[in-house]
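Here the structure comes first, spelled out in structure tokens, and everything after it is commentary.
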Amino acid sequence: MSKERKTPRNSHDEDKIKSNIPRPSHCLWRSLHTLWELFDTYYLAIGMILMMAVGTQWPASGNFLSKIYFSQICLGVCFLLCGLRTTTGELLTAVKSYKAVVWGILTILLVVPITGTQITKTIQFATMREDNVTTSQSTVVGNVTAIGPTEFAFALQVFFTVPASMSGGAILSLLAGGNFSLAILLMAITNFAGVFSVAPMLIWMTDLSSGVNVNRFGNIMIVFALVTVLPTIIGKLLRSFNAVAEKIDSYNRGIYYTVITLFLLSTWPEVSRAQVGEKFNNIVSMNILIIVGYSSIMHIMFLLLNWIAGGFLGLALPVKKTVVILGSHKALSFALKVLRFLSTDVGSRRLMSIVCIISYLTLIVLDSIIVCKWATITEDEKDKDKSAASAKYGTLPQDSD
């Protein structure tokens, strides 16, 4: 048997082999590129978690910012940029999407409030005692262990009953690739209707014996108009000038990051003010985890409900995203105002305020994670390069309603 001869390698072959071996610098660059893509995709979620940590650990600075209306300024600029980015085609799509408007109003004012309050009634709560608030022990009623005081139940019922968020819901729907104009329309309709519907709904579905004077909600609607509606209208009017529209369209990516950053900064003072004003330390960690867990389960259930309904109605994807996000996102300021004007007979209003704030922050974090993923999903997955930029602002062609 003849031995096989090994063919000698020339210098060209050796260089080729060496070129196929990944260099340490290439591996490092690839890892950094992967990390950057991850950060770019989940910038909103990462930033939201960071703001929660900063707001709770250093509340003094955030509390100072709240005194100079830092949150309102950030949101006002944010909606101005959103208005600058809103096209006429998107406005027409929002007006034509009558199915989305009708279902959005129904789910925000009826479906979610009724479902949320009735499910909450099935959970065992106990009359408030000191051990509910200052220790990790729960109260035993009969053979059923209550998960917290009755204030938890009523606060959650109020939170489920109030209308859509006055700012966060629209911004999140825009960042997810939803229809921003439709979000503004739903927010305006449901918040105005909520002024008259929330009190009767609470009397009907809860143990509340008397309503809330609707005149006391006037300042909420004024803030909503000044911070949300007015900047959006101004931005849209400025966009009517061709030079402004061309300039704005050339900075799509920069506007995208600016909107996210402003939205994140607006949450910092709110978290710090809640930490200082409502004294989260007075409620035990076990009860906080219960609120977070229950709010998360209910929120995911509402998201799935509206997603299924949107598919059944045949809504275009940007319109569907808007209805899903607005359908389960709640107005914290509205809920806190309702609690503030209730009598002391319902229980500790401070404890109920803490529950609403924790529930809202839970929704914000969950939605931030979901929005980061939804922003990468378009109606035509095969044409991602073509629609990636417009998907982030909900300006995709929307033929169906």
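Every residue gets a Cβ built from N, Cα and C, even glycine.
Marked as transmembrane segment by TrEMBL: 38-56 (among others). Listed by sequence, the residues of this chain that lie at least six past the ends of the transmembrane segment (38-56) yet keep a Cβ under 8 A from its Cβ atoms are 62, 175, 257, 260-261, 263-265, 267-272, 275, 280, 361, 364-365, 368-369, 371-373, 375-376.
Summarising the annotation, TrEMBL assigns transmembrane segment to 68-88 (among others).
Look at TrEMBL and you will find 100-119 (among others) tagged as transmembrane segment. Within the same chain, residues 156-157, 159-161, 163-164, 182, 185-186, 189-190, 193-194, 197, 201, 205-206, 298, 302, 305-306, 309-310, 313, 315, 319-320, 322-323, 326-328, 401 sit at least 6 positions outside the transmembrane segment (100-119) and bring their C-beta atoms closer than 8 Å to a C-beta of that stretch.
According to TrEMBL, the transmembrane segment annotation covers 152-175 (among others).
Residues annotated as transmembrane segment in TrEMBL: 182-205 (among others).
Marked as transmembrane segment by TrEMBL: 217-238 (among others). Residues 72, 75-86, 91, 166-167, 170, 184, 187-188, 191-192, 195, 244, 333-334, 337 of the same chain lie 6+ residues outside the transmembrane segment (217-238) yet bring a C-beta within less than 8 angstroms of a C-beta in it.
Taken from TrEMBL, the feature transmembrane segment covers 288-315 (among others).
Annotation comment: TrEMBL describes 351-376 (among others) as transmembrane segment.
Residues annotated as region 'Disordered' in TrEMBL: 381-401.
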The transmembrane segment (152-175) versus listed stretches 182-205, 288-315, 351-376: most Cβ pairs under 8 Å: 182-205
